[in-house]
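What TrEMBL annotates here:
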type	residues	note
DOMAIN	11-83	domain 'Sm'
DOMAIN	312-408	domain 'BEACH-type PH'
DOMAIN	416-711	domain 'BEACH'
COMPBIAS	731-744	compositional bias 'Pro residues'
REGION	731-758	region 'Disordered'
REPEAT	901-932	repeat 'WD'
REPEAT	1094-1135	repeat 'WD'
Amino acid sequence: CQIRKSMEKKAPSDFLKSVLGRPVDVKLNNGVEYKGILACLDGFMNIAMEQTQEYVNGQLKAQYGDCFIRGNNGILVHFRIQVDLLDFNMQSTYRVCLASFIQMPFLPAEVSCPVAHLKMLKAVRGKAVQSRFDLLLLEDGEYFLDDFSAFRYPDPVFTCLTFHHCKQRKVQGRLKLCTRSFMFEPQDSTLPILKFPYRDMPHTPAGEIFEEANKQVYLSFECTTVVEMKERGLDHPYVTKNLADSSVASTKFIFSFAHSKVHDIIDAAAPLWSLANTKSILNKIDEESKLAPILGPRHTDVFDPSLLADFRERPLLQRGKVVNRIAPLLKYPGTLMLTNLRVYFQPAQVNNTGDPVVNFAYTKVTTIHKRRHMLKQCGLEITLDDKSSHFYSFETMKDRDEIYDLLIKQPGVDQVQEHNSHLIPEMLEKWQTKQISNFEYLSFLNDQAGRTVNDLTQYPVFPWVVADYTSARLDLSNPATFRDLSKPVGALNPDRLAYFQQRYQAMPSGMEAEGLPPPFLYGTHYSTPGYVLFYLVRLAPEYMLCLQNGKFDAADRLFKSIAGTWQSCLTNHADLKELIPAFYDPQGAEDWLLNLKNLDLGTTQQLERVGDVELPPWAESPKDFVLKLRAALESDYVSAHLHEWIDLIFGYKQQGAEAVAANNLFYYLSYEGSVNLETITDPVEKCSFEAQIQEFGQTPKLLFLSPHPARSEVDKSPVIAPLEPIVLAPLPPATEDIPPPSPSSSPEKDTPTNTARRSMFGFSRPTLSGLGLNVNGLNGLNGLKASIRKRMERRNWGWSFDGQSPASGNLWDESLPHYFHSKELTSCVLSKDAKYVFSTSRDGTFKLSSCADGVVKRSYSCGGAALACDLSPDEKYAVFTSSDLRVYMFALETGRVSKLDNAHDSPITGISVIDDSRFLTCSDDGVLKLWQYGPVGMLSSPLFAFEDCDAAITCLDVNSEGTLAIVGRINGAVDIYDLRTNSQIIKVCVSQCQAEVLSVNFDRAGNTFVCATDANELVVCTSEGVESTRLAIPIKDDAIQYVSTHRSFPTLSFRCMVSDGTYAITGSANGGIYIWQLHTDSQEPEKKCIVSIGHAHKRPISTITVSSNGHTVLSGAADGSVRVWTLKKKAPRARLGYFA
């Protein structure tokens, strides 16, 4: 099966027949809950009750409720009940009127993926009621805990109404308690689901009484940001509303509950609010550790025996196994139990939106597969006779194997065939004798290689077979119509392949001990979660929104055209994707090729609206397109060459020397066996690997160790790979032209880890040591420390200002202007002893110069304007960028220069060295990338790319521990990223007028950051994004003058800034330098400016820096001049004097 809309519209009677006799759970608004089964079919849905319930005058006191139908495949069918009549008779049967039962979507048994698990629509008296809440609406790492029947009320103060009138405007719905937010789903589907993040609540939710007469307590909280989702039941980009300064909406939200006590909800939300508002920055690992007391009791190995379907059943385990049921982008925690008759999955009270229990009989099991999940051999997938599948991830491989061994011994399961040495040859023979089609054989190989629709990182992969998407007629008799199946996608274009090969040859080798991975041709993969949802965005937009943090991808990057996608796969260096099964399955072709849901997918730069996928001229309709592709897949040409593609994807050319020869070598981490997460004890390191897999996908399991025979070679058979994975080490590239690392330039090596921590490739895994972090330096979840090789020293100027000291002007020695460059300086860095300056300029040069006499010691010319530079901690390497999209690494001892081509798609605006093996770059395209470097050069593909960006990045900094990165953007936003988990953790707008952020700096401890904007704003915020100080300081005629930020800004504005967290030095467009004291009681800007020099340079100051000890200040200007101020030795360091 594949992700597709498999729901059919059926008449009411057909629907009722299909669910006849199935178990039912009903929850009514008066708190009554009961179980039953569906009974007769006379225009009513009759529920035969297990027990009688409270009723008055023959009628139950409820007027509405929820009905849950349990299916054999464990998928929940949920709809609302709204009734006018609910009778009770002696047979203990309740009748729910379905007189207005219109055509309903039907959930068939052949469902194997949650994309098809669309919500059951219940129509009563012509009105459809649909449950819109979905776990996909949660943030990554957020958990759903409980929901409550609730009413939301307007704020009486904001609306100027009495609370009595507010009660008349109440909105009925359900309030969801999640670990990072409240979510309110109104019953009226035209209203959006509202998300209230705890981090945007200034105070903890509390109880409040609005009417003295009845003393009823309501839940009340303030929330400055609200996210709207699923308005009118549509999948649209999430709308985030900032209510802090809104004149049309209140920040106060009031709720009452039908059956729950307000204080119970307040008590449950209090620790979650405290966690979200903690002062320290929490990564995903820290958060889960602190949530353990809340989540732990909800997810246990205790199985409830009362949930057994038959009292005669006997559990085969003393305690259940803690598992996660895996679905695309989701996981459902629960407990797995085996009895002598059935398999049971009991969902935990975490992310539980389904049945109390899912069970299926052993007699329904058709296949069982051991699977890997997130690089661990801990998965088990069970397929049933109705084609549905259940994918469970266990805590350890031992737990998985224990369940597997027990499962295959049960009656009805002992004959089930797993992946073995007999099944593949049997299917190969059927394929060669044409008993099965090419499509069926590829589906089988995908299944045997661990590909499953339940895990988007291992989604089934199919080949491009047609290369002609421009002709009016598809000629399947012409070999030129087809793609060369003997080559991977990355090798189809000779020019692009030459680039990949050149990059491969330039990759450093012999540095595995230092943590650098072996060389590879392709840094991206042919099958990733992003690629799968790229194709299926029109069918499953909610998954794309989940993956893209609530928005669709940019219109120009969406799936718009078949021909355009094919051309991108041929020419784009970052696009190597193959196809998915939907391209060859005619059923439901319209669902993913046409924009049937009228999604707002945006407008391209050519002002073209993105709607339906543009088909080739030879396709008359989506179904015709897929049918012709299927015919091409089954054609004689493909049948004769398909074995060549199988060798690349599932066979002996997948890895090792043959992969190198076939230009088919991918990043090592995508291969099975490259790393075993079960041997990694550090949770932060494990999270980092999992994040990479979620982003880049995995290579299928190796199936064949020798060439796969052609379809016509009936007498040949391949060597089948054993069940246990065999991983061959990729060959290193030829390195004759790359000199070996010299002892003088080689960094110290970390103490080797034990052999159990070595991968099957035969080299040490690039663990956090390879990323510049020492595993042995980790101290618990919150004790992540910097590498043994220390980072650059953080700024600690040590200045203090004596308000009584005169403006003596004799505390600093000023140098004459040095003209290192002929054009504007773009960046400068001082050496630790402040004797040398490293600078870049728009004249295209990088230079190392003496601060004392201005003599240039070393120089290098780039291919374009040099834009930014930084220095390695040992000061042996300078790394700088240029407008030609390159990164250069200059070995200062030898003069050797390494180049990294096409590091970004736009000019690289910033660079920051983290430690002696990693650095960051940012660019105008809004992308932040993490790179590795070593004595022989830089890794040609980034370790990670933060691409969820909405504006160009203008500046960059890293904290002292090398764990957090901060960037400023052209729209006034500042983002903070956790480099341990490769995730964005803070996003805040620091400019009230969305002015460009010129500079941003962490303080020494990393607890606060300081930023300057080109609107003359100086802003100090905590690392959680909370503003503590703000100054709006337009500069005019060399005088400090405070004006409102709503006024137009003068031309004499900030151009650059540097700060140690206590003081900030700014350079302005008039050539002036100003020093500001950031933390004073005074809010008057003229009192915060403690040093000013109106004309330090004749031209605008473009860059400024201060030595780490505060003794030297260096500024660079637009005319290429540099000036140096040095604190006199006799000057008391406790006093900061005025510049001359």
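Yeah, the Cβs are placed from backbone N, Cα and C, and that goes for glycine too.
Secondary structure of the repeat 'WD' (1094-1135) per DSSP (helix as H, G, I; strand as E, B; remaining residues coil): 0 helix, 19 strand, 23 coil. Per-residue pLDDT, averaged across the domain 'BEACH' (416-711), gives 90.
For the domain 'BEACH-type PH' (312-408), the DSSP-based tally of helix, strand and coil residues reads 14 helix, 52 strand, 31 coil. For the repeat 'WD' (901-932), residue counts in helix, strand and coil come to 0 helix, 17 strand, 15 coil, using DSSP.
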